[in-house]
Amino acid sequence: MKIVTWNINGIRTFRGGIKKALDSLDADIICVQETKVTRDLLDERTAIVDGYNSYFSFSRGRSGYSGVATYCKDSATPCAAGEGLTGLLTHHEGAVGCYGDQSEFCSEELQLLDNEGRTVITQHRVMCQDKEQTVTVINVYCPRADPEKPERKQFKLQFYKLLQSRAEAILKDGSHVIVLGDVNTSHRQIDHCDPSDIEDFVENPGRKWLNGFLHGGRQTEETNEEEPDEEPEVTSSDPVHGGTFVDTFRHFHPTRTSAFTCWSTMTGARQTNYGTRIDYIFADCQLAKEQFVAVDIMPEVEGSDHCPVWAKLSCSLLPSSKAPPFCTCYLPEFAGKQQKLSRFFVKVDQKSSQSEHREGLPGSQEEEELRENLKPSGAGNASGKKRFLTSDSVVPKGKKAKTCPKPQGSLLSFFKPKLPTAAPSTEAPEKKTLGTDKVTSSQNSQKACTTNKDTSSVASSETVPELLDDASPKLCTSMKSDKPIHLKPLIPAPDVGQSGAKKGASLGFWKSVLHGPPPPPSCKVHREPCVLRTVKKEGPNMGKQFFVCARPQGHATNPDARCSFFAWVEKGK
């Protein structure tokens, strides 16, 4: 029996061919975390893979977030399966059960802890030393404690407690238990690239929980890796070492250093192996001692900021004849039921009932996530209503108001004076006062041009006369004048030399205003050009730019890693 766990950092990791990727891992049970896919975005190619049966858990309050999935070969089909740790998401037969003591959690906490799609549990029948037993695999993606959100630290610790309660309850019920996945805490200093850089490393609440959860959590790291048989005997009754589960990787490699499973992609830390080990395969003490043969990491496998971890057991799997009801193949969209034409018409009528059902599901852990989940439908209806009213009220009025007796011939026609604006009462005085004919005509013409300029936001005070003169000098004369008004002549086009000078001056001006990024300085150690970065973290420095060494992040003692050069970009540069 072989089992693999891998935080794939998005289901897109498998888009090159999910079956090919699963086959390359060569395992009976493959548990992936951080799928970042919700139920509505899960396609058939990802959910239904030839030779495998799959089990998905989705985030209910936030799209593109969290999510775990377990793929089992058909030869490893589980006898039971379920979602979540609380039992609130299990509404079918064939669930694993055994939910443990939940008395210290309120109902709202339980809902929130299962709301983010962080757990899938499958139970398998195995043959161990000619005896049929069950092994329950708990695939988890534990929360990350965001330092900017103190409430998430408490959420993470509550998730740990609930996970331990569920695992111990299943173990007490008689099944062996394997807990695996991204636990989001490096246990000991040997599991971290630079533990001295972290204040109160051993006082971290997550590490304290691991000390209590794991057998031998406080043991020293002086055991010889080449002689794993000489490790202290693994027994769950040892009061000194507390927990009932074993970190199987450290069981086989107690002193191996630089065995990391997660690296920062932002700093290129994988190139220098500057990472942490936060992906584990835990097993109950008896199973780890009697059945586990080998455990190791696969840092050579790329595609994510994590790498897979695998384990081999000596027991053999006994597949169930039928997948449990939680299997993805039973979802209506993958069971062939959606092919009925009536379903496409019923969907519209079911929107209200679906929204009521979703409101009954556990709410999002964070308020903004809840708003993100609920806003689209409300906002969409509101905006749709607004557009509907606009189309009914404004458009008909526009049709009535739009009266155009003649089609406009050209762009210049927009700058013509409005001929009907000349009042009949002003025509007679113009005819009688011949001595002032030229002046009056000129004034009226200027008024006409001025009026047209005021009503048109397109033309400026300088361009309008030029356009009019270019079009027809007679357009801007008085209607009843005997002599036309001669506007200023066209300004001759500048020659090539003047145009080049103007372009040069304009180019210099825009360069002074829209300057590009400053030239990068060289770092002090490697004498290599630095890279420009921008602060994206909220705070007083958000948006500011700075230069750092272009090499990947690594330990201070690594000469090939990034040096400590840092320089802010000065304002105005």
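Even glycines carry a Cβ here, placed using N, Cα and C.
Annotated features in TrEMBL:
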type	residues	note
ACT_SITE	TYR141	active site
ACT_SITE	ASP182	active site, proton donor/acceptor
COMPBIAS	222-233	compositional bias 'Acidic residues'
DOMAIN	523-572	domain 'GRF-type'
SITE	ASN184	site 'Transition state stabilizer'
SITE	HIS306	site 'Interaction with DNA substrate'
Out of ASP182, ASN184, HIS306, which of these recorded positions is nearest TYR141 (active site) by C-alpha distance? ASP182
Quick one: Cα separation, HIS306 (site 'Interaction with DNA substrate') versus ASN184 (site 'Transition state stabilizer'), in Å? 11
Could you tell me the mean pLDDT the prediction assigns to the domain 'GRF-type' (523-572)? 84
Looking only at ASP182, ASN184, which of these recorded positions has the biggest number of Cβ atoms within 10 Å around its Cβ? ASP182
